[in-house]
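**Q** My questions all concern the structure below.
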Amino acid sequence: MAQRTEKEETEFKVLETLTTTTTTLCTNNCGVTANPATNNMCQKCFNASLVSAAAGVVESGSILKRSARSVNLRSSPAKVVIRPREIDAVKKRDQQIVNRCSGCRKKVGLTGFRCRCGELFCSEHRYSDRHDCSYDYKTAGREAIARENPVVKAAKMVKV
């Protein structure tokens, strides 16, 4: 009677593995089960630690930028320089905010169509022939075909 059948042995092994596994709790003592992939923290505490770590990095970076600016201001005289790139960036922001058709100035809201020339149009002016589009579709198509289908040259065969 000291021998056990295979079925009984497997049942005991399964029960042993179930009882030996222990659940670890969160390292922040919030009472939720922890995940080893998140440094033995629950998901909520792990996300909170990531946010606080990212905020610390941003704050230290902004302090460095502020100190660098103050050093530059002290060492050089104040000059006001307006760069054309900054002006273009401001104009692009203004264009993105306005939701009006560039052809008829009609409000388009969320139904506007953005053309490849960069303008926003209503349903009547969305096609390139309706708004005198400055984008060259033929050249862009040729370049795309040339990029996607490179010329393949085979090695020459040596005749014997």
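For all residues, glycine too, the Cβ spot is worked out from N, Cα and C.
Checked Swiss-Prot, it gives:
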- 20-54: zinc finger (ZN_FING)
- CYS26, CYS30, CYS42, CYS45: Zn(2+) 1 binding site (BINDING)
- 95-141: zinc finger (ZN_FING)
- CYS101, CYS104, CYS122, HIS125: Zn(2+) 2 binding site (BINDING)
- CYS115, CYS117, HIS131, CYS133: Zn(2+) 3 binding site (BINDING)
**Q** Out of CYS104, CYS115, HIS131, which of these binding-site residues is nearest CYS45 (Zn(2+) 1 binding site) by C-alpha distance?
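**A** Of the binding-site residues CYS104, CYS115, HIS131, CYS115 has its Cα closest to that of CYS45 (Zn(2+) 1 binding site).
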**Q** Can you tell me the mean pLDDT for the zinc finger (20-54)?
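**A** Residues in the zinc finger (20-54) carry a mean pLDDT of 82 in this prediction.
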**Q** Please report the Cα separation of CYS101 (Zn(2+) 2 binding site) and CYS115 (Zn(2+) 3 binding site) in Å, rounded to an integer.
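**A** One finds 11 Å between the Cα atoms of these residues.
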**Q** Could you tell me the C-alpha distance between CYS133 (Zn(2+) 3 binding site) and CYS104 (Zn(2+) 2 binding site) in angstrom, no decimals?
**A** 14
**Q** If I restrict to non-local contacts, at least six residues apart, and a C-beta distance under 8 angstroms, what lies near HIS131 (Zn(2+) 3 binding site) in its own chain?
**A** SER102, GLY103, CYS115, GLU119, PHE121, HIS125
**Q** How many neighbouring Cβ atoms, not counting its own, are there within 10 Å of the Cβ of CYS42 (Zn(2+) 1 binding site)?
**A** 19
**Q** Which entry in the list of binding-site residues, CYS45, CYS133, has its Cβ near the fewest other Cβ atoms, using 10 Å as the limit?
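**A** With the binding-site residues CYS45, CYS133, fewest surrounding Cβ atoms within 10 Å: CYS133.
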**Q** What does DSSP give as the helix, strand and coil breakdown of the zinc finger (20-54)?
**A** 16 helix, 4 strand, 15 coil
**Q** Cβ atoms within 10 Å, counted per site: which of CYS26, CYS117 has the most, among these binding-site residues?
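**A** The most densely surrounded of these binding-site residues is CYS26.
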